[in-house]
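> According to Swiss-Prot, the feature active site, phosphoserine intermediate maps to Ser62, an assignment based on sequence analysis. What Swiss-Prot lists as Mn(2+) 2 binding site is Asp12, Ser62, Asp444, His445. The annotation substrate binding site is assigned in Swiss-Prot to His123, Arg153, Asp154, Arg185, Arg191, Arg261, Pro262, Asp263, Arg264, Lys336 on the grounds of sequence analysis. As annotated by Swiss-Prot, Mn(2+) 1 binding site applies to Asp403, His407, His462.
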Amino acid sequence: MSKKPVALIILDGFALRDEDKGNAVTHAKKPNFDRFWNEYPHATLQASGEAVGLPEGQMGNSEVGHLNIGAGRIVYQSLTRVNVAIREGEFEQNETLLAAVKHAKEKGTNLHLFGLLSDGGVHSHIEHLYALLRLAKSEGLEKVYIHGFLDGRDVAPQSAETYLKELNEKIEEYGVGEIATLSGRYYSMDRDKRWERVEKSYRAMVYGEGPSYTSAEECVKDSYENGIYDEFVLPSVITKEDGSPVATIQDEDAVIFYNFRPDRAIQISNTFANEDFRSFDRGEKHPKNLHFVCLTHFSETVDGYVAFKPNNLDNTLGEVLSQNNLKQLRIAETEKYPHVTFFMSGGREAEFPGETRILIDSPKVATYDLKPEMSAYEVTDALLAEIEGDKQDAILLNFANPDMVGHSGMLEPTVKAIETVDECLGKIVDAILAKGGTAIITADHGNADEVITLEGNPMTAHTTNPVPVIVTKQGLELREDGILGDLAPTMLTLLDVAQPKEMTGKTLIK
C-alpha cells in the first residue's frame with residue numbers, strides 16, 4: 001500500500017532577513033524554495049531567545065532548536081528556567097531551597113551560599129545569588145555567608161570589583177548576608193582532577209586557611225597589585241576585627257551551591273557532600289551532616305539535594321509516532337546526525353520501536369567552504385529510495401549545509417551550499433507530493449542569512465532572525481506567531497494523531 005508520508009525538513013541555519021548585504025539566503029538562486037513559498041501556506045517562526053528557552057535576545061543553536069522541535073514545547077535551558085522561576089515567584093516556594101533554610105533555622109546553624117560571582121550566564125548568574133539572599137531574609141534567617149568564586153573568564157578578567165560592589169549594595173539593601181571567602185574559579189571550579197587546587201578552596205572555607213583580609217575589596221586590590229586577576233585569585237579568608245574568619249563551614253550547616261552548569265561544580269561538591277570522598281585528606285574538621293543543595297543536577301556522584309531537577313521530556317515527537325505504530329525515519333549527514341536523533345528525542349540515545357536511522361558520512365575536508373555541497377546529494381538519494389519504497393509514515397530530515405558552510409563567514413561558498421540544498425529540496429518535496437504526502441519545510445536557527453556584516457567583516461555566528469515554515473498542502477492557513485515548539489503538534493495534526501498533554505506547543509494550522 002502506498003504511504004502518504006509527512007516530512008519535517010530542517011534547513012539548518014537558514015533564516016529570513018530583509019537586508020541583502022552578506023545574506024547568502026537572498027543571494028542564492030533557489031527556485032524550488034521560492035516555488036513552495038509562493039504556492040503553499042507559509043509563515044515565520046521565532047527560533048531564538050525565550051521562544052526556545054534561552055535568555056531574551058540570545059541566538060538559537062542546533063542543539064536547542066532540535067530539542068524544542070522534537071519536544072513540541074519550549075524546553076527551558078537551566079539559566080532561563082531559574083530566571084523564569086524567580087520572575088514568576090516559584091523560586092521562593094522551591095521546596096528543596098526552603099528545606100535548606102529550614103534545616104539551618106531548626107539546627108541553629110549557618111547557611112552558606114557559594115558559586116561563581118558574575119553575570120556571565122555560562123556557569124551561574126549573580127541574580128540567582130540575590131534571589132537566595134531575598135529568600136533567606138523572607139524566612140527570617142540571619143546567619144548567611146557567601147563564598148564567592150571570582151570569574152574573569154566568561155566576563156572581563158578584571159571585573160570582580162564591579163560584582164563585589166553590587167553584591168555589597170544588595171547585602172545592605174536586604175539586611176542579610178556576609179562575604180566569608182573569595183577564590184578564583186581556577187581553584188574552586190577545577191574539573192580536571194587537579195585536587196590540589198580544590199583543596200586550597202576547601203581549606204579556606206572549612207579551616208579559614210589562606211591569605212586573610214578584612215574585606216573582599218582588599219583581597220581583590222591586593223591580588224591585582226600582584227598581577228593576579230579574578231580567575232586566579234588565591235582562595236582567601238575574610239576576617240572580623242579580631243582576626244578570626246567571618247565564618248567557616250561547620251557540622252550541621254546548610255549549603256546551597258548556586259552554579260547551574262554541572263561540569264565545573266562536581267569536584268568541589270564531591271568534596272563537601274560525599275562521605276566516601278578520598279581525593280585528598282579533608283582533615284579532622286571536615287563538616288559532618290551538611291545539608292548540601294545543588295541548584296541543578298550536577299552528577300550522580302554528588303550526594304546532595306537538587307533544587308531544579310532535570311526536565312524529563314516525555315512524549316516527544318518520536319515517542320508519540322512510535323506509540324501510534326507509525327514508521328519514522330531520521331536522516332542526516334554526520335554533522336547533524338546527533339541533532340535529528342539524540343536531541344530531537346529529548347536527549348535519548350535509543351531508537352523508538354518503528355524508528356529507522358540513516359547516517360550519511362560528511363565529507364572529509366578541513367572546512368566545508370571547500371565542499372559546500374557536503375553530502376546533500378547522497379542524503380537525497382538515500383531518502384528518495386525510502387520514499388519510493390513506501391517505507392515511512394514520517395520523515396525527519398536535516399540538511400547541514402547552510403549552517404556548516406555559513407560558519408565559514410564566506411558568502412560565495414554559503415550561496416553554493418543553499419543552491420545545492422534547494423536542488424535537493426525540489427526532488428524530495430516533489431517525490432513526497434507525488435505520493436500524496438506533505439512536507440513541512442523549516443529551519444532551526446539563523447546563520448546563512450548573515451555571513452558578512454554590514455561593515456564587511458566575516459560573521460561566523462548564528463543570528464536571531466526568524467526562520468521560514470512552509471506546509472505543502474493547499475487550503476490551510478498558518479498562524480504567524482509560531483515557535484519551533486509548534487512544529488511537532490503541526491506534524492501530528494497532518495498525520496491525524498492526537499497531541500499529548502505534555503506537548504504544550506500549538507499546531508500552526510489555524
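In case you wondered, yes, glycine gets a Cβ from its N, Cα and C as well.
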> I want to verify one value. Collapsing DSSP to three states, which class is Asp403 (Mn(2+) 1 binding site)?
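DSSP assigns Asp403 (Mn(2+) 1 binding site) to helix.
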> Could you check the binding-site residues His123, Arg191, Arg264, His407, His462 and say which one's CB has the fewest neighbouring CB atoms inside 10 Å?
Arg191
> Far apart in sequence but close in space: which same-chain residues, 6 or more away, have a Cβ under 8 Å from His445 (Mn(2+) 2 binding site)?
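Spatial neighbours, sequence-distant, of His445 (Mn(2+) 2 binding site): Asp12, Gly13, Ala15, Ala47, Ser48, Met59, Gly60, Asn61, Ser62, Val64, Gly65, Asp403, His462, Thr463, Val467.
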> Compute the centroid of the Cβ atoms of Asp403, His407, His462, then list the same-chain residues not in that set whose Cβ lies within 8 Å of it, in sequence order, for the Mn(2+) 1 site.
Asp12, Gly13, Asn61, Ser62, Pro402, Met404, Gly406, His445, Asn447, Ala448, Thr460, Ala461
> List the Cα distance (Å, whole number) between Arg264 (substrate binding site) and His407 (Mn(2+) 1 binding site).
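Arg264 (substrate binding site) and His407 (Mn(2+) 1 binding site) have their Cα atoms 28 Å apart.
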> Pick from Asp12, Asp154, Asp444: which of these binding-site residues has the biggest number of other Cβ atoms within 10 Å of its Cβ?
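When each Cβ's neighbours within 10 Å are tallied, Asp444 leads.
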> Taking only same-chain residues 6+ apart in sequence, whose CB is under 8 Å from that of Pro262 (substrate binding site), what do you get?
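Non-local contacts for Pro262 (substrate binding site): Thr296, His297, Phe298, Ser299.
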> Quick one: which residues besides Asp12, Ser62, Asp444, His445 have a Cβ within 8 Å of the Mn(2+) 2 site's Cβ centroid, in sequence order?
Ile10, Gly13, Ala47, Gly60, Asn61, Gly65, His66, Lys336, His339, Asp403, Ala443, Asn447, His462
> Quick check for the class: what is the C-alpha distance, in angstrom and rounded, between Asp444 (Mn(2+) 2 binding site) and Arg191 (substrate binding site)?
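Approximately 32 Å lies between the Cα of Asp444 (Mn(2+) 2 binding site) and that of Arg191 (substrate binding site).
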